[in-house]
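Feature annotations, reproduced from TrEMBL:
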ACT_SITE  E337  active site, proton donor
ACT_SITE  H368  active site
ACT_SITE  K497  active site
Amino acid sequence: MTFSDAWADVEVRHAATADRKFLSLFDDTGRADTFRCDTSDMRLDYSKTNIDAETRDALLALAEAADVAAHRDAMFSGQKINQTEGRAVLHTALRNLDGGPVLVDGTDVMPGVLDTLGRMGVFADEIRSSHITNVVNIGIGGSDLGPAMAVQALSPYHDGPAVHFVSNVDAADVSDTLRGLDPKTTLVIVASKTFTTVETMTNARTARAWMSEGGGDPGTQFAALSTSEDGTSQFGIPPERVFGFEDWVGGRYSLWGPIGLSLMIGIGRRGFMAFLRGGQAMDLHFQAAQGAENMPLMHALVGIWHNQFCGHATRAVLPYDQRLGQLPAYFQQLEMESNGKSVRMDGSDVPVHTGPVVWGAPGTNGQHAFYQLIHQGTRTIPCEFMIAAQGHEPDLEHHHHLLVANCLAQSEALMRGRSTDEARVLMREKGFEGAELDRQAAHRVFSGNRPSVTLAYPKLDPFVLGQIIALYEHRVFVEGVILGINSFDQWGVELGKELATALQPVVEGAQTADGKDGSTQALVDFVQRHRVP
Ligand code: F6P
């Protein structure tokens, strides 16, 4: 079947089912067992969506027509699928712990990967048993969001020095982080794939001055994570404290290698290896599981269904897990930097909308903030709930029961809603009558029929976190393949960077704003007139 025929078939399924209340699909009592994917210990339930067996078949046919399996194999085998940069995409090699060779341009990259992993382990052990009490990771984007998210997620396993993160060029970030730390017992890790990112280099120089002025020794208390040997040596970081990686690791996919060093120092080598093994387990599942059994594939197809066919422009990530508080931000970069594109691999325009807007916050907090719109707003927001069977606080199990009940209640409420008749009964019980009863009831109606998926896992440990991250990486990849775009470049961030570089001397007053648009000129003028002389 051609891709356009397969696409048209899914459109037909959408047109045929769009008005249906999908709660009725549960008349099939086996639905919950059928519309889900399991790995050895995780479950993705997508039964609370409007996808029925025919629609799923059509979506799977679409994946086949897009040749997802061939693209997947090309990625794992080191082909240069990042065509706009001429690079392989091999973050999977970083967790290919006992897998076979992975060839890039005919050379096996695995010896280098394992050697660097070994060096990271030795260094992490040294730091964990040294006088270092605090570690500050300076990086931004993929060199910050991954380790920051994972360090928070795995805090119950954290037994090393405290780990902090500085990312924003706003001096508030570096100042607030360094205040209270001892420059003599702090390790600074400069994390930057390119070692040119202005925010990171500015913060790194500020931290170096802070350390020197405070009696620390940047000569021994700085480490670097980068692909740029020139950059790190020019900064003065000796090679034994530089952990390198190759350009086939994209920034937002880099947590698995040296960029994960702060996590490794925090949770130790064993914990980090368990995290890698989780990622590897998902890789193996993604490569082996067939059709509807394949969790990343089905997660992607559900996403494509909601975004491209149902037209839902955003996607809420709602972990009922406080320690996954930074996961929505991490997924924002992963999904929006990967699939927020307008042209296909061949340079032609993508004829449909691409990546959805990804947002979210942990439950139950979000319930008391933005869930009002999710339940009763005019837009449908597909929700992605996450919940652990167990928490890490066995003495406080009643909290966890409440957390689980709230998570499950939300997806039930979104699907079931509350009819006008039900709302009227409620209001009558409260003593309302006549027109006032109708008016009050109208505000208590929930349309329902709002889709969600739920990812359930046993407990948020390093292995499970590794699986979750790899699941989403592959989900984003599959969505990119179906849309025909390159998920591994990020040209969209360049223009703003160039203009910021050009504006810096204007803001400083060394150049005039002549030639800029009127708004920019006026804002520069405002800032210059209001700054401290
Ligand atoms: O500006 C976007 C970006 O290139 C991201 O893709 C990347 O994760 C981030 O900047 C940081 O880049 P680097 O690790 O090279 O400092």
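Positions of Cβ are set from backbone N, Cα and C atoms, glycine also.
Curation does not apply to TrEMBL; its annotations are automatic.
A map of TrEMBL features onto the structure.
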residue	record	DSSP class
E337	active site, proton donor	helix
H368	active site	helix
K497	active site	helix
CB contacts for H368 (active site) [other CB atoms within 10 A, all chains]: 9
On a simple 10 Å Cβ count over all chains shown, which one of the active-site residues E337, K497 is most densely packed? E337
Distance [Cα-Cα, Å, rounded] between the residue listed as 'active site, proton donor' and K497 (active site): 15
Reported as an integer number of Å, what is the Cα distance between K497 (active site) and H368 (active site)? 37
